[in-house]
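The next block holds one structure in the form of C-alpha cells; read it before the comments.
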Amino acid sequence: MNSIKATKGLLALSQQDDLMDLTSNYPLSASEDEGDSDGERKHQKLLEAIGSLSGKNRWKLPERSEAGLKVSEFNVSSEGSGEKLALSDLLGPLKPSSSLAAVKKQLSRVKSKKTLELPLHKREVEQIHREVAFSKTSQTLSKWDSVVQKNREAEQLVFPLEKEPSSFAPMEHVFREWKARTPLEQEVFNLLHKNKQPVTDPLLTPVEKASLKAMSLEEAKIRRAELQRARALQSYYEARARRMKKIKSKKYHKIVKKGKAKKALKDFEQLRKVDPDAALEELEKMEKARMMERMSLKHQNSGKWAKSKAIMAKYDLEARQAMQEQLAKNKELTQKLQVVSESEEEGGADEEEALVPDIVNEVQKTADGPNPWMLRSCSRDAKENEIQADSEQLPESAAHEFPENEENDKPVAEEDELLKELEKRRSLRKRSELNQAAEPLGNQETKDSTSQEVLSELRALSKKLSKENHLSKKQKKSPAKAVDLVWEEEPAPEEDEPLLLQRPERMRTLEELEELGKEDSLPNKERPRPSVEGEQVRRNPQNHSKGKNKKEQMISLQNLLTTRTPSVTSLALPTTVEELEDEGARDQKQMIKEAFAGDDVIKEFLKEKREAIQANKPKAVDLTLPGWGEWGGMNLKPSARKRRRFLIKAPEGPPRKDKNLPNVIISEKRNIHAAAHQVRVLPYPFTHHQQFERTIQNPIGSTWNTQRAFQKLTAPKVVTKPGHIIKPITAEDVDCRSSPRSDVPVMQSNPKQHSKHQKQRKKSSIG
C-alpha cells in the first residue's frame with residue numbers, strides 16, 4: 001500500500017513539474033500569479049508527504065567539504081551567507097536590459113510607498129506645547145532668582161533701588177547757564193556787575209586760594225591740628241556747660257553764684273588798680289543799670305510775656321525756668337554792689353568754722369562708716385548742746401545788754417545739780433560696760449553707744465532746763481494756771497532700749513515735772529512700767545529678763561532683718577515685738593480684715609466665678625411653641641410637662657481648667673482680636689517654629705531696649721522716598737545669571753512622559 005501511495009505521489013509531482021515548465025515559458029498575468037502561489041503551497045505539501053513516507057527518521061550523516069582548485073556550479077561557497085539579500089542586489093543584473101523597465105518601475109513604486117503614522121491626540125499635542133513653553137519661560141525667569149533671593153533676605157528695601165550719584169557742584173557751575181529773566185532780576189544783576197560784586201558765593205575767596213597755594217604740606221598739617229584741637233576744646237566746653245546746666249542742687253548754684261560775684265569783685269579791684277577811670281565808668285554803668293531796673297521793673301514778671309508764661313508755668317518746665325531766670329536777673333540788677341575786703345572774708349570764714357562744735361567732730365571721728373542718718377542726728381544734737389553751752393558762757397557785757405536774764409540765777413544752780421547727776425550716771429554706765437565686756441560687741445560700737453548716750457542726756461537736760469525756766473516765768477505771770485502741758489521726752493533708765501524700739505513722747509503735767517528731780521535722784525530704783533509691758537512679761541518672761549541686760553545699740557542690718565513686724569496696740573504706749581508665730585499670723589489676719597472691712601471681696605469673687613461658669617455652660621434648647629396642643633394667649637404659659645417633652649438638653653462640655661483652682665478664673669473664650677494676629681504658616685526666613693517663637697518672645701518696646709535698638713527693631717520693611725518715580729527693574733541694572741534648572745531639557749525633565757509617547761506611536765504604526 002505504501003508503494004502504491006508513493007507512485008501516485010510521484011506521478012502527481014511529475015505532472016506538476018510539467019505544468020511549472022509551461023508557466024515558465026509563457027508570460028504570467030495577475031491571475032496566473034495567484035495560481036502560482038497555490039502551486040507552491042501544494043508543492044510544499046508534497047514534500048512534506050514524501051518526508052513522512054518512512055515511519056523512522058533517518059540519521060543525517062555529517063558532510064565534509066574540502067577546498068579544491070576546481071569550482072563547479074554544484075559546489076557553491078558559503079561566503080556571505082550571514083548577510084541579508086537586498087533588493088538592489090536582485091536589480092543589478094536587470095539594468096542593461098530595457099525590456100524590464102516596467103518591472104523596475106513597479107518595484108521602485110512599491111519601495112517608495114510607506115505606511116503613514118497615526119497623528120497624536122489633541123490633548124497630547126497641547127501638553128507637549130505647554131511643556132515647551134514652560135521650559136522657555138523657566139529659562140527666562142531663572143535669571144532673576146538671585147535678585148529675588150537677595151530682596152527677600154534683605155532687612156530693609158529702600159525704593160528707588162538706583163541710588164543717584166551724590167555730587168556737590170559748586171555754585172559757579174550751577175549758575176553758569178542761569179540767566180536773569182524778570183526785569184527785577186536784570187536790574188539787580190546790572191547793579192552787581194557795575195560795582196564789580198561777585199554774583200555767586202564761592203567756597204573760597206581769592207585770598208584763601210592764594211594762601212592755600214602758598215602753604216606747604218607741613219604748614220597745612222600744623223594748621224589742621226590746631227583747628228582739630230580748637231574744635232575738641234569747644235566740644236568739651238559745650239559738654240561741660242550742658243552738664244552744669246542739668247545740675248539742680250540749690251547749694252551748687254549758690255556756690256557758683258558766690259564764686260562769680262567774688263570773681264567780678266576781684267576783676268573790678270584789679271581794674272581799679274590798673275585803670276581807675278575805667279573802673280569808675282564800669283561802676284557808673286552798673287549803678288545806672290540798677291537804677292533802670294528799679295524804675296522799670298522789667299524783669300519782675302509783670303509784663304505780657306511774663307503773664308503768658310505764668311499761665312503755662314505749671315505744665316511747661318521751660319517757661320518755669322525762664323521766669324526763674326527773670327527773677328534772678330532782677331535780683332542781681334537791683335542788688336547794690338558791695339566791695340568786701342579780704343579781712344572781712346577771712347573773718348566770715350572763721351565764723352563759719354566756729355559754728356561747727358567740737359562734739360560733732362568727735363562724733364564723726366568715732367562713727368563707724370558713712371551713715372548719714374546717724375551723722376545728721378548727731379549734728380542736730382550737737383547743735384542743741386552748742387546753743388546751751390553758748391547760753392551758759394555769756395560774758396558780762398552780754399548780761400548787761402539783756403537785763404531780762406537776771407532772773408536766770410536760780411535755774412543755773414539747778415543746772416549744776418543736773419550736771420552732777422549726769423557725772424554720776426556716766427560713772428555708773430562705765431562700770432556696767434566693764435561688767436558686760438563678755439557680750440559680742442566691738443569697741444567701735446561701744447564708743448558709738450556712749451557718744452549717743454552722752455548726746456541724748458545732754459539734749460534731755462537742756463530741754464528740761466529751758467522748759468522749767470519757761471514754766472517758772474508763766475507761773476509768776478499767771479499762778480492760777482497750774483495744768484499747762486508741755487512735750488517732754490522720758491529720760492532713759494538703766495535698761496536702755498535700742499534706737500528702733502524707743503518710746504514716743506507723751507504729755508506731762510506740772511506736778512509730774514516737779515517730781516522729775518526726785519525720780520532722777522534715784523537712778524537704781526525701778527519705775528512703774530505701763531500695763532502693756534506687764535502683759536509682755538507675763539507672756540514671755542525670758543525675753544524680758546534678757547532685755548534688761550541689753551543696752552542701747554546702733555542700727556544693725558542683722559537685727560533689722562531678724563526682728564518681726566511689731567504689733568502696735570496703742571500710740572501712747574511702747575511697741576512690743578511678738579515672737580510667737582500664731583500671734584503674728586493672727587495680727588496679720590486682723591489687719592487684713594480691718595483693711596477690707598467694708599468690702600466683701602471673697603463673696604464678690606465667688607459670685608463672679610459662678611457667673612462666668614454659667615455663661616460658658618452649654619445651654620439646653622427649648623422647642624416649645626405656644627398654642628400647639630393646648631390653649632395659648634396672653635398670660636398663658638405652657639405646662640411643665642410640655643416643656644420637659646420639648647426640651648433638648650445640651651451635652652456636658654469638657655471640665656474647666658479652673659475647676660480645682662478656687663482662687664482663679666480662667667477665661668476659655670476665643671479672642672477674635674488676638675486670633676487675627678496669630679500665624680498659621682511659618683514665615684519665610686524661619687526653618688523651625690522654635691526660632692519664630694524665640695523672636696516673638698523678645699520685647700521690642702523702647703522700655704526694654706535702647707533707642708537705637710528700638711529703631712532698628714521697628715524699622716519698616718519697605719521704605720519709599722517721596723517724590724521719586726519707582727521704575728521696574730531691568731536686566732541691564734542687575735547682572736542676571738541663569739540657574740542650573742534651565743539647562744535641563746524638557747524631555748529629560750520628564751522621561752516617563754516621553755516613553756509613554758513613544759509607546760503610543762509604536763502601537764499606532766503597528767495597527
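Positions of Cβ are set from backbone N, Cα and C atoms, glycine also.
The annotation region 'Disordered' is assigned in Swiss-Prot to 23-49 (among others).
Annotation source Swiss-Prot lists phosphoserine at Ser29 (among others), citing a large-scale study or a structure entry.
Per Swiss-Prot, the feature phosphoserine maps to Ser31 (among others); the stated evidence is a large-scale study or a structure entry.
Ser37 (phosphoserine) falls within a helical segment according to DSSP. The feature phosphoserine is assigned by Swiss-Prot to Ser37 (among others).
What Swiss-Prot records for Ser52 (among others) is phosphoserine, and it gives similarity to another entry as the kind of evidence.
The phosphoserine annotation in Swiss-Prot covers Ser77 (among others).
Annotation comment: Swiss-Prot describes Ser81 (among others) as phosphoserine.
Under the three-state DSSP scheme, Lys122 (SUMO2 cross-link) falls in the helix class. Annotation for Lys122 (SUMO2 cross-link): no spatial neighbours, criterion Cβ-Cβ under 8 Å with sequence separation of six or more. Taken from Swiss-Prot, the feature SUMO2 cross-link covers Lys122 (among others), and the record attributes it to similarity to another entry.
Swiss-Prot lists Thr205 with the feature phosphothreonine.
Under the heading coiled coil, Swiss-Prot lists 317-346, citing sequence analysis as support. Mean pLDDT for the coiled coil (317-346) in the predicted structure: 66.
What Swiss-Prot records for 338-554 (among others) is region 'Disordered'.
Swiss-Prot lists 342-355 (among others) with the feature compositional bias 'Acidic residues'.
The annotation compositional bias 'Basic and acidic residues' is assigned in Swiss-Prot to 398-433 (among others).
What Swiss-Prot lists as citrulline is Arg431 (among others), and the listing cites experimental evidence.
Residues annotated as SUMO2 cross-link in Swiss-Prot, with similarity to another entry given as evidence: Lys447 (among others).
Feature annotation from Swiss-Prot assigns phosphoserine to Ser451 (among others).
If you take the C-beta of Arg586 (citrulline) and look for same-chain residues 6 or more apart in sequence within under 8 angstroms, you find none. Note on Ser37 (phosphoserine): other Cβ atoms within 10 Å of its Cβ, all shown chains, come to 8.
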